[in-house]
Protein chains: 2
Amino acid sequence: MSAFSLEILSTDGRARRGRLQTAHGPAETPAFMPVGTAATVKAMTVEAVASTGAEIVLGNTYHLMLRPTAERVARLGGLHRFMGWKGPILTDSGGFQVMSLSKFTTQSEDGVTFASHIDGSRHLLSPERSMEIQNLLDATITMAFDECPPLPLEERRLAESMRRSMRWAERSRAAFVPRPGYALFGINQGGISPELREESARALVSIGFEGYAIGGLAVGEPQEDMLRTLDVTVPFLPADKPRYLMGVGRPEDLVESVRRGVDMFDCVLPTRSGRTGKAFTRRGEINMRNARHRDDPRPIEEGCSCPACRSFSRAYIHHLIRAQEILGAMLLTWHNIQHYQDLMADLRRAIENQSLETFVRDFHATLNLGDIEPLEGGFPP
Amino acid sequence: MSAFSLEILSTDGRARRGRLQTAHGPAETPAFMPVGTAATVKAMTVEAVASTGAEIVLGNTYHLMLRPTAERVARLGGLHRFMGWKGPILTDSGGFQVMSLSKFTTQSEDGVTFASHIDGSRHLLSPERSMEIQNLLDATITMAFDECPPLPLEERRLAESMRRSMRWAERSRAAFVPRPGYALFGINQGGISPELREESARALVSIGFEGYAIGGLAVGEPQEDMLRTLDVTVPFLPADKPRYLMGVGRPEDLVESVRRGVDMFDCVLPTRSGRTGKAFTRRGEINMRNARHRDDPRPIEEGCSCPACRSFSRAYIHHLIRAQEILGAMLLTWHNIQHYQDLMADLRRAIENQSLETFVRDFHATLNLGDIEPLEGGFPP
């Protein structure tokens, strides 16, 4: 088994087209990683996920440690075998979700104690425990345990939080068990402060990780704040290591972040939107519950290769959503993940062809068109 | 396009092994038809349904006339195109469900007026309207409009209801638009009264149908009542036409009914059970929520070809059900439909091999074993 690595195949401006090598096979970058919180990408089979071109999926440490528990997953052969996903799996550290989902949390330098949102049982998450859990899950890519403070936050407290995360990053590095083809990623913090982001990046680089994530963004701040933060942070991350922007985002966020040198993304948006009747198209997000679709024989998106667009009309999808049929969530989730993967494939191709700026211009122009016109009289001739 | 027909390929006792020819392709009998109420077999793609060996699916007139409406389905090219199912589709007449699901129903000789359970709007279902709706849906097999009285019911009222259903069967026959490869099935009624069942069968045969259904059973009566009713009804149905036992049932009901000469079945049990955490196995139905499965690395059923059994442990399915993940409903529904289709394939093979009685004995013996033993210490060595 060779080492975990990122090969940069080509660049276009600050954007990079690469290939990750991992213990569980390769993955092309820039990559969008579907979120499989509780050991399943919601409403999709792993075959369906793979068919979209997705190569890495996420698992959530917080959810899995509570149910079915990391120890049980380990006894059952690890997360890959448990959920039937053969490719790389990235697990988050639990740091973000323990603060947003659990109750009665107590934070200290050691870590976070909390009560499960499922049954109220008490648990500890610390850098050492997070590393242990992610090891038990057999995650291909382990994330360092960090604190993800809410924004906005005064500079002094933001700095304290970031520095604690850096001490936790060091403890994570020490507790992580290195294995060939496996990786530990550090997480850059510092809110939207350029100084703190730089300080954090330097701290992480001096510890040394197989990859670098940018955390603490996509928490409600305006897109320009996020992009400006990327502009001032990415230059301090090693060029030969993958860069992962956590929890991002909308298609336009992915495009603008790839332009700024980001290689990896995850977000619940395409899957969650699929369960609430929303479909992503090149001309924007559309609500399939809307009555304008109920007689429309056209697919969600002409030319899309997903089963929803290959076989079904907008009218059918609209009907399924209205009737609260599970198949509606299944088909829209599939479509949305396909849409995201197609976007990533387009971005990779554009970087290879040195045509990223043209692609980005066309992308925004198409997005601004809005949805296709309703048919005359509600029906085609 | 050739005519709708049933070819009897072999018999074993009263059981028949046959092949239906329809405008939408052939179907092997005895057949179990998954229920696709609102133009979807709940929680399954049509590819998944077809992969189990199912060749005919059901649609429900009552649901479809209210949403998305039969007229809309017709404008969109018919139910096959709407839901992407290329094989034969059978639609019920709406008679049963209008009585069980709608509100403020008024029955008369003409038909039934009712308020939609969705939005309260008023509708009429009559033999003529039911035929019109099923024609708009482009059902391969149309069911005559009938009254399905609750059991038990006093003989006199049962007789009145059955005779009204026979008059409605005649009006259904007159209103049905014959098309090559399409069929209209009459529905035998009469509760568990042998005299009424015989009278109903004779009435239907004198009208003449492409197939004959046995209705008004599987409404809560003991299995022996149902089987005795089959014993006294099936002999009065034409040997060269398909016989369809509506709304049945559990695997043991299918086996015993096939023995008595039934060719077709439908039931929501495998799909509904799949959405409530239950799995059918040869050794009986098991509840995947049960804690005994949480550490079990074995599949639901050894040797089953469905994706749930090929790729996943009972522990994983248990986890998905506990976590209320949509994938749990998807996988269990798939497994259950696969289980039903495998049973039908076994029954067809047994009839071909003249070994049905041996098969039935083994079937009951295996069913009586109950679920596989828990693993020692909860885990395999």
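From the backbone N, Cα and C atoms, a Cβ is placed for every residue, glycine too.
Per TrEMBL, the features are as follows:
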ACT_SITE  A:Asp92  active site, proton acceptor
ACT_SITE  A:Asp266  active site, nucleophile
BINDING   A:Asp92, A:Ser93, A:Gly94, A:Gly95, A:Phe96, A:Asp146, A:Gln189, A:Gly216  substrate binding site
BINDING   A:Cys304, A:Cys306, A:Cys309, A:His335  Zn(2+) binding site
DOMAIN    A:14-366  domain 'tRNA-guanine(15) transglycosylase-like'
REGION    A:247-253  region 'RNA binding'
REGION    A:271-275  region 'RNA binding'
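Known features from TrEMBL, placed on the structure.
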{"residue": "A:Asp92", "record": "active site, proton acceptor", "DSSP class": "coil"}
{"residue": "A:Gln189", "record": "substrate binding site", "DSSP class": "coil"}
{"residue": "A:Gly216", "record": "substrate binding site", "DSSP class": "coil"}
{"residue": "A:Asp266", "record": "active site, nucleophile", "DSSP class": "strand"}
{"residue": "A:Cys304", "record": "Zn(2+) binding site", "DSSP class": "coil"}
{"residue": "A:His335", "record": "Zn(2+) binding site", "DSSP class": "helix"}
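Nearest in space to A:His335 (Zn(2+) binding site), taking C-alpha to C-alpha distance over the recorded positions A:Asp92, A:Phe96, A:Asp146, is A:Asp92. Taking only the Cα positions, the spacing between the residue listed as 'active site, proton acceptor' and A:Asp146 (substrate binding site) is 10 angstrom. Under DSSP, A:Asp146 (substrate binding site) is assigned to coil, being neither helix nor strand in the three-state scheme.
Looking at the region 'RNA binding' (A:247-253) alone, the prediction's average pLDDT is 97. Summarising the environment of A:Gly216 (substrate binding site), the number of other Cβ atoms within 10 Å of its Cβ, over all protein chains shown, is 31. Summary of the Zn(2+) site environment: with the site residues A:Cys304, A:Cys306, A:Cys309, A:His335 set aside, the chain residues having Cβ atoms within 8 Å of the Cβ mean position are A:Pro299, A:Ile300, A:Glu301, A:Ser305, A:Pro307, A:Ala308, A:Arg310, A:Trp334, A:Gln338, A:His339. Per DSSP, the secondary structure of the region 'RNA binding' (A:271-275) breaks down as 5 helix, 0 strand, 0 coil. With a 10 A radius on its CB, A:Gln189 (substrate binding site) counts 31 other CB atoms from all the protein chains. Taking the C-alpha atom of A:Asp266 (active site, nucleophile) as reference, the shortest distance to any of the binding-site residues A:Asp146, A:Gly216, A:Cys309 belongs to A:Gly216.
DSSP assigns A:Cys309 (Zn(2+) binding site) to a helical segment in the three-state reduction. Here the binding residues for substrate are A:Asp92, A:Ser93, A:Gly94, A:Gly95, A:Phe96, A:Asp146, A:Gln189, A:Gly216. Their largest Cα to Cα distance works out to 15 Å. When the Cα atoms are compared, A:Gly216 (substrate binding site) and A:Cys309 (Zn(2+) binding site) turn out to be 35 Å apart. Remark: A:Gly94 (substrate binding site) has A:Asn60, A:Thr61, A:Tyr62, A:Met65, A:Leu125, A:Ser130, A:Ile133, A:Phe145 as non-local neighbours, by Cβ distance under 8 Å and separation of at least 6 in sequence. Here the candidates are the binding-site residues A:Cys304, A:Cys306, A:Cys309, and by Cα distance the one nearest A:Gly95 (substrate binding site) turns out to be A:Cys306. Here the Cα atom of A:Ser93 (substrate binding site) is found 32 Å from that of A:Cys306 (Zn(2+) binding site). Each residue contributes its Cα atom, and for A:Cys309 (Zn(2+) binding site) and A:Phe96 (substrate binding site) those atoms are 35 Å apart.
Every protein chain considered, the tally of other Cβ atoms within 10 Å of the Cβ of A:Ser93 (substrate binding site) stands at 30.
Note on A:His335 (Zn(2+) binding site): other Cβ atoms within 10 Å of its Cβ, all shown chains, come to 29.
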